[in-house]
């Protein structure tokens, strides 16, 4: 009866009311869930992070050129890109630090490797570390006479030539004992050495006249000397440093950038400009120029730091060594030949460098002005002065450069003497004297020396001064002056002067951000790999755009991501194919392989993460991971319309690992759900139910059901026994007859048959396993049926009550709205009536007041007008 009553009550709900309830519940659910956001994966976002990676070089080297730089570059570098691309990054500010730039360290290692290969030693000069018996050598003139070797440098033009004596070059003729081809025999040989390459033994004085003195080679007691196989020219060629795929080079284009700080004009490039690895001290040679003289200093208050001054115009430096000499080979042991000077014709060590005085004076003024502007905040009113190098090795106290294969050591003190520079003379050029040494202390390592064989003939080279290296001496507070002196020796500063505008960054194409889209369904689809090509630099072009604008170009950015790998692979393969007879697994070969493998590994790692998250082949991938508001307090609009991807990456970088783990767990759960869903597909066809492969499974299920029923029967029996024992009665067996009540309309038995005392009868329990199982299964099904029916009725009754409650609420809401509308109409009418009454009253009062004012004015006017009449009437009466 209750069920029928419930069904009748359910029918009272009309279809219109049910639809209305459903809409109300849906609106409530939408209102509740509209603020939820979900993690969305983006592939191809313009995000980068600072990194240190292995760069590779590119150059236009020609393998057929025997010059050592060409040979090295042809083996170590790939070809340059004929169409280099540079992309401006708008609205991007990046921090640069030239003194913490790993690119400088990499270039330093590479140039050390270049020098080790270029100045490759062949003969150890340990046999020459013997006592040398030397006497002063006389130079041979053209007419055959001999005289002291004095260098006279001609300056000025031909009409006003001045011969300036720079000094006397001491050349010694030394004899020593050398081992012959037979190790047990020695012979005495001689060779010419220059004073700078010798050092006297203890207690010996330099030779005078025809007297002899004992010497040994310079650095024989401190370094391991070797002799180069052949004289090399060491003419540097431009080398470009390039970032491997997956990385990029950021370049600062600010005009006032001084090496450290924020840069607002940033661009991205694949390779640097061509850098000539010129080894020199005091001056930067053959580098790049700036728009104005720029001072690069790490810390203006630190006197120990080297100051790099970049020029805005070049100063031409012309270096020459005239004369001629004769070279001979001296055997110093089995298969060892020392190449020395046999004789000298002319002033063979007449070495000097010249530069234009006007150009140098103007440049010097600009340098002084730039230093004043840079250090005025630190030095105050102190005057900046200049002076010569304060001391140290010859490579530091002199301008050390390579000219035509010879090592020049030039005295530059005259260039920093303001009294000479600003003195107006007729000389057009400034000449600085130079020395040439053949035993040279190598700059790349401590305790290494090399003997370079002399070169015949005249040597001339032209270099461009593009920068100066200074050291700030301690300030003289008494004289209120600060002195700057030229310095050098740390070749990293030479490379830093060219690389200070660059930095290496690692591209991070994977990004996560909150959106309102959620992954709803679980389905399988055919996924295609994203095609990638073109140039990868455009990938960072949208770095300054907001996240919403940048996400619209993800397709193009993702296509550009892998192109760097493809282009680099093809370039390297072409280089290997063209130079396979030269390219071996050297240091640079290992670096190239590292760069290639690293790029591919990073790309595969990103693709692996996308696969773990179920986003393979997708540029924008929604997920079912809810966005946690604790990760950021930014609103949806602030994130997508006010922030760039770089800013967003810094905002959530601390939670990236957490988000990645949640994405992986969500995808694992989704795959499990998908697997279970697919396993149910085999039951979609009825024919599959009778598949022979399922019979064993059916048998297993049957055995489980039977075992369960038996176990259930045993449990119920035990429970029944326990229950009856607790009641004080225990049945004799499970086959005890149960009395059953007889129907009322059935007649009783006759007396002969024993009769029955009442209308009850006994029925025996079922016997047999199948009957018992069937009875239990029937009872179980009936039990489940009754329970499910009751549950359904309860649910229907609940829905009915909820519907009635909602309808009552809607009716009451409608009545409340009608009542509110009536109230508003009533009070609106009352307010309208009151306003009209107020306006009428005000109008009447104003009208009455106006009439009174007009009447008073009229009376007052008439009184004034009647004054003459009253006067006349008064006079008339008086006269009468």
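From the backbone N, Cα and C atoms, a Cβ is placed for every residue, glycine too.
What Swiss-Prot records for 148 (among others) is N-linked glycosylation site.
The N-linked glycosylation site annotation in Swiss-Prot covers 163 (among others).
Cβ neighbour count for residue 173 (N-linked glycosylation site) (all protein chains, 10 Å cutoff from its Cβ): 20. Sequence annotations record features per position, and here Swiss-Prot assigns N-linked glycosylation site to 173 (among others).
If you look up Swiss-Prot, you'll see 174-220 marked as region 'V2'.
Annotation comment: Swiss-Prot describes 221 (among others) as N-linked glycosylation site.
Among the features that Swiss-Prot reports, N-linked glycosylation site is placed at 265 (among others). Long-range C-beta contacts of residue 265 (N-linked glycosylation site), restricted to its own chain and to partners at least six residues apart, with a cutoff below 8 Å, comprise 88, 252, 253, 254.
What Swiss-Prot lists as N-linked glycosylation site is 286 (among others). Over all protein chains present, the Cβ of residue 286 (N-linked glycosylation site) has 19 other Cβ atoms lying within 10 Å.
Under DSSP, residue 318 (N-linked glycosylation site) is assigned to a strand (E or B) in the three-state scheme. Of all Cβ atoms in the shown protein chains, 16 besides its own fall within 10 Å of the Cβ of residue 318 (N-linked glycosylation site). Here Swiss-Prot flags 318 (among others) as N-linked glycosylation site, drawing on sequence analysis.
The average pLDDT for the region 'V3' (319-352) in the predicted structure is 58. Annotation source Swiss-Prot lists region 'V3' at 319-352, citing sequence analysis.
Every protein chain shown contributes to the tally, and the Cβ of residue 411 (N-linked glycosylation site) ends up with 19 other Cβ atoms within 10 Å. The N-linked glycosylation site annotation in Swiss-Prot covers 411 (among others) and rests on sequence analysis.
Here Swiss-Prot flags 628 (among others) as N-linked glycosylation site. A coil conformation is recorded for residue 628 (N-linked glycosylation site) in the three-state DSSP classification, outside any helix or strand.
Residues or ranges marked as N-linked glycosylation site by Swiss-Prot: 633 (among others). Residues near residue 633 (N-linked glycosylation site) in space but far in sequence (CB under 8 A, at least 6 apart, same chain): none are found. DSSP assigns residue 633 (N-linked glycosylation site) to coil in the three-state reduction, placing it in neither a helix nor a strand.
Taking all protein chains in view, 13 other C-beta atoms sit within 10 angstroms of the C-beta of residue 642 (N-linked glycosylation site). Per Swiss-Prot, N-linked glycosylation site is recorded for 642 (among others), and the stated evidence type is sequence analysis.
Non-local neighbourhood of residue 654 (N-linked glycosylation site): empty, since no residue in the same chain at least six residues away has a C-beta under 8 Å from its C-beta. For 654 (among others), the entry in Swiss-Prot reads N-linked glycosylation site, with the evidence type sequence analysis.
Mapped onto three states, the DSSP output places residue 781 (S-palmitoyl cysteine) in helix. Same-chain residues at least 6 positions away in sequence with a Cβ under 8 Å from that of residue 781 (S-palmitoyl cysteine) are not found in this chain. As annotated by Swiss-Prot, S-palmitoyl cysteine applies to 781, with the evidence given as sequence analysis.
Candidate glycosylation sites: 173, 286, 628, 642. Nearest to residue 411 (N-linked glycosylation site) by Cα distance: 286. Using a 10 Å Cβ-Cβ cutoff, residue 628 (N-linked glycosylation site) registers 14 neighbours.
Nearest neighbour of residue 642 (N-linked glycosylation site) by Cα distance, taken over the glycosylation sites 173, 286, 318, 628: 628. For residue 173 (N-linked glycosylation site), the nearest neighbour among the glycosylation sites 286, 318, 628, judged by Cα separation, is 318.
In the three-state DSSP scheme, residue 286 (N-linked glycosylation site) is classed as coil. Between residue 286 (N-linked glycosylation site) and residue 318 (N-linked glycosylation site), the C-alpha separation comes to 13 Å.
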